[in-house]
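Listed features, source TrEMBL:
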DOMAIN    100-361  domain 'Fumarylacetoacetase-like C-terminal'
BINDING   D101, E171, E173, D205  Ca(2+) binding site
BINDING   Y103, Q212, T318  substrate binding site
ACT_SITE  H108  active site, proton acceptor
BINDING   D205, K225, T229  Mg(2+) binding site
Amino acid sequence: MIPNLALGIMPSGLVARIDGFAIGLLDLARVGELPVTKSEHTLLGETHLNAFLALGPQRHREIYEALYQLRVRNPDRLWSIGQPIEKAPIQLGLAPGDFVDFYASRHHAARCARLTGNADLLPEAWDWMPLAYHGRTAGIVGSNAKINRPSGWMNGRTGWALQASRMLDYEMELGFVMRHSTEPGEQLTVNDFDDAVFGAVLVIDWSARDLQGNEAKPLGPFHSKAFATQVGHWIVPLEVLARCSEPADDLRPKGRRPAKGNIYDIRFEAMLKSRKGQSAVAGSANLKDMGWTPAEMMAHLTQSGAPVRSGDLFATGTISGPGRDETGCLLERFAEGTAPLMVGDEQRHYLADGDKLSVTAHMQKDGQSIAFDTLHGSIAASQTHREPSR
């Protein structure tokens with residue numbers, strides 16, 4: 001298996017990231033270096049990954065093996081067909097029908113509970129099932145995106161009014177892409193994870209905390225989350241992630257539902273750059289400190305018999321750790337009683353217009369570093385919003 005393999009999309013179709021190059025799979029097929037059927041030849045030229053995802057795990061692994069053998073046998077052939085990553089026009093290749101966002105970090109959930117005056121009291125259901133909400137796929141954007149500050153209804157000094165959010169936040173997460181579709185009533189189990197899930201991708205869940213406070217009860221997030229969810233362009237296959245997986249022991253207290261599946265040792269970092277050009281680390285954490293495994297989240301998607309489709313996306317929720325500085329969003333700094341984030345000589349409680357946020361994630365195994373792409377989001381002022389006619 002190629003250790004740093006990732007899949008993405010360019011205007012010309014599906015590409016593989018190999019050793020710093022973007023290699024067009026359709027180009028390889030045209031010169032006879034990638035054996036594919038006629039129908040597969042067509043889907044390699046599509047500008048989204050959904051049809052490729054539906055090929056299934058066996059065919060994917062055959063393609064990975066063919067790429068590996070070509071890299072060993074004739075690497076110059078690969079490089080002559082590809083182009084350097086930094087010059088490749090990689091674009092968002094996911095087109096999920098559904099997006100589900102989990103709330104799987106115990107540390108994040110406990111800090112949020114403290115902010116609502118519940119000390120360390122988590123929802124009773126938290127240790128028995130991974131909690132989640134259903135997102136809106138129309139709000140999914142790729143890297144280097146402009147994030148417009150959302151507006152919503154808030155109760156101020158003069159009463160309820162439609163106004164721009166003053167508490168814009170980020171949440172660094174990891175998303176998982178389904179390759180398996182199910183029928184209504186069919187259930188997936190933790191043991192299905194390796195075949196049912198294709199790979200992982202970076203996610204930023206942009207969040208308006210003041211709007212979220214009004215929406216949290218009774219139905220949960222709506223406009224506070226729906227305006228933008230940012231997704232990386234490169235998907236790292238599960239077969240690559242397996243190199244940094246480890247058993248999930250003691251994720252939850254004794255007497256609660258025991259953990260199943262593996263967790264991944266992946267380090268995340270968010271960097272904030274102000275309009276002045278000053279920078280600071282906004283947050284960092286490790287995925288291995290989550291309270292639920294990705295396999296448990298996937299199984300929960302179909303617990304009720306609800307179907308999933310190839311290309312559907314689910315994300316972990318905010319990735320946080322036990323340390324005071326292991327936070328995955330700005331909101332958590334308040335729960336820890338930490339001073340506002342200093343970005344040079346500027347203070348940040350929440351994100352300001354003109355700020356630029358970058359999220360990275362990497363794995364280190366056997367002396368080799370495996371990296372996701374970097375997500376870049378630029379905060380723009382709220383667009384003009386008019387109160388609906390009555």
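Every residue, even glycine, has its Cβ placed from backbone N, Cα and C.
Nearest in space to H108 (active site, proton acceptor), taking C-alpha to C-alpha distance over the binding-site residues D101, E173, D205, K225, T318, is T318. Neighbours of E171 (Ca(2+) binding site) among the binding-site residues Y103, Q212, T318, defined as a Cα within 10 Å of its Cα, are T318.
Of all the binding-site residues in the record (D101, Y103, E173), the one with the smallest CA separation from K225 (Mg(2+) binding site) is D101. Listed in chain order, the residues near the substrate site other than Y103, Q212, T318 are D101, H108, C112, E171, D205, S207, P221, G317, C329, each with its Cβ within 8 Å of the site Cβ centroid. Taking each of the binding-site residues D101, E171, D205 in turn and counting other Cβ atoms within 10 Å of its Cβ gives the largest count for E171. Proximity note: of the listed binding-site residues (E173, D205, T229), E173, D205 have a CA within 10 Å of the CA of T318 (substrate binding site), given in sequence order. Residue pairs drawn from Y103, Q212, T318, the listed substrate binders, are separated by up to 15 Å at the Cα level. The binding-site residues listed here (Y103, D205, Q212) include D205 as those with a Cα within 10 A of the Cα of T229 (Mg(2+) binding site).
Looking only at other Cβ atoms within 10 Å, the busiest spot among the binding-site residues Q212, T229, T318 turns out to be T318. A 10 Å cutoff on Cβ-Cβ distances gives K225 (Mg(2+) binding site) a total of 23 other Cβ atoms nearby, all chains included. Distance noted between the C-alpha atoms of Y103 (substrate binding site) and E173 (Ca(2+) binding site) is 10 Å. Taken residue by residue with DSSP, T318 (substrate binding site) is part of neither helix nor strand, so it is coil. Other than D205, K225, T229, the residues of this chain whose Cβ falls within 8 Å of the Cβ centroid of the Mg(2+) site are, in sequence order, D101, G135, G139, E171, V203, I204, W206, S207, P221, A226, A228, A315. Listed in sequence order, the residues M172, V203, I204, S207, T229, A315, T316, G317, T318 complete the 8 Å Cβ shell around the Ca(2+) site centroid, once D101, E171, E173, D205 themselves are left out.
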